[in-house]
Amino acid sequence: MSADAGAGAPLPRLCCLEKGPNGYGFHLHGEKGKVGQYIRLVEPGSPAEKSGLLAGDRLVEVNGENVEKETHQQVVNRIRAALNSVRLLVVDPETDERLQKLGVQVREEMLRAQEGPGQAEPPAAAAEERGAGGENEPPAAAPEPREAEQSPQERRELRPRLCAMKKGPNGYGFNLHSDKSKPGQFIRAVDPDSPAEASGLRAQDRIVEVNGVCVEGKPHGEVVSAIKAGGDEAKLLVVDRETDEFFKKCKVIPSQEHLQGPLPEPITNGEIEKENSPEALAETASESPMPPLARTASSDTSEELNSQDSPKKQDSTAPSSTSSSSSDPVLDFSISLAVAKERAHQKRVSKRAPQMDWSKKNELFSNL
């Protein structure tokens, strides 16, 4: 049997993963009617993708221990017990089927018999084709400086992607789902060798347009109906996680116009804070006259804000606002409503004519 395996028979793959800040980056699940645990989803840019792990792979061994007959929870516990690194022996569906027909039991020794050091290269080569970077440690560090630099060249890469596909015998080959924690419709998994994978569609992509129609904010059912309405062809405009965050910072919805040409500029927090700063709002209030209703509301608000101030504090601030309060006490926002009313009353009293002495009144009327 080992001779058959050595004579051009398909081989399993050994994927060595180093845990990242978000874990290994793959989802494990069991399939109905099948024995064993399968890789359901591999997150882009994760240690799992860089190791060559693919969605649809069947897990055979964990750190050299066969797990084909173990339950889902047993396999999960075994992977967790490995701490910061794990070694997974997997087979893709085609290899699995051919090895079962040959009656070959999948084991890690098969790779050692086939020039162990050299046999670890094919998974890395497959990872390079998928844009994951090299073999283990050195290639994994390559993308990180690019993310830290954030040069204009990198910004040009933050574009939406137009994935055009034709339906195959098993459909398009991707699963759509919605996430409760964030709006939008996302690609949950892409089947290997499917029209979706050939079009460049990737797991975790968010759908923006379906056949040229924007589906932002539409529910899951409407997006599915829009895809089905395309018949045997579909054109999906999608964004990956990083591109999605970039366009959200720019306050712009991605479109096919962004496939080429200039990209929008992100709106910085500094500009927003400057526009909403108290100084800017004060300048705007002083330059533009306020309607009567707004004046009343402002005076009520100032009363509420200064209700905790002591009388001494109000007296100390009064001289600085005498010029504005003498012309119109209602416009003085630094005093309370009660003080403003009192000043208005004093102003009306001060405008009255002085009272005349009774003797002068009698003398005036007697002359008449």
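Cβ from N, Cα, C; glycine included.
Per Swiss-Prot, the feature N-acetylserine maps to Ser2; the stated evidence is similarity to another entry.
Residues annotated as phosphoserine in Swiss-Prot: Ser2 (among others).
Applying DSSP to the domain 'PDZ 1' (14-94) sorts its residues as follows: 15 helix, 32 strand, 34 coil. Swiss-Prot lists 14-94 with the feature domain 'PDZ 1', giving sequence analysis as the kind of evidence.
Annotation source Swiss-Prot lists phosphoserine at Ser46 (among others), citing similarity to another entry.
If you look up Swiss-Prot, you'll see 113-126 (among others) marked as compositional bias 'Low complexity'.
Per Swiss-Prot, the feature region 'Disordered' maps to 113-157 (among others).
What Swiss-Prot records for 144-157 (among others) is compositional bias 'Basic and acidic residues'.
The domain 'PDZ 2' annotation in Swiss-Prot covers 162-242, and the record cites sequence analysis as its basis. Across all of the domain 'PDZ 2' (162-242), the predicted model scores a mean pLDDT of 91.
The region 'Disordered' annotation in Swiss-Prot covers 253-368 (among others).
The annotation phosphoserine is assigned in Swiss-Prot to Ser277 (among others) on the grounds of similarity to another entry.
Residues annotated as phosphoserine in Swiss-Prot, with similarity to another entry given as evidence: Ser288 (among others).
Per Swiss-Prot, the feature compositional bias 'Polar residues' maps to 296-309.
Under the heading phosphoserine, Swiss-Prot lists Ser298 (among others).
Per Swiss-Prot, phosphoserine is recorded for Ser299 (among others).
Per Swiss-Prot, the feature phosphothreonine maps to Thr301; the stated evidence is similarity to another entry.
Annotated phosphoserine per Swiss-Prot: Ser302 (among others), in sequence order.
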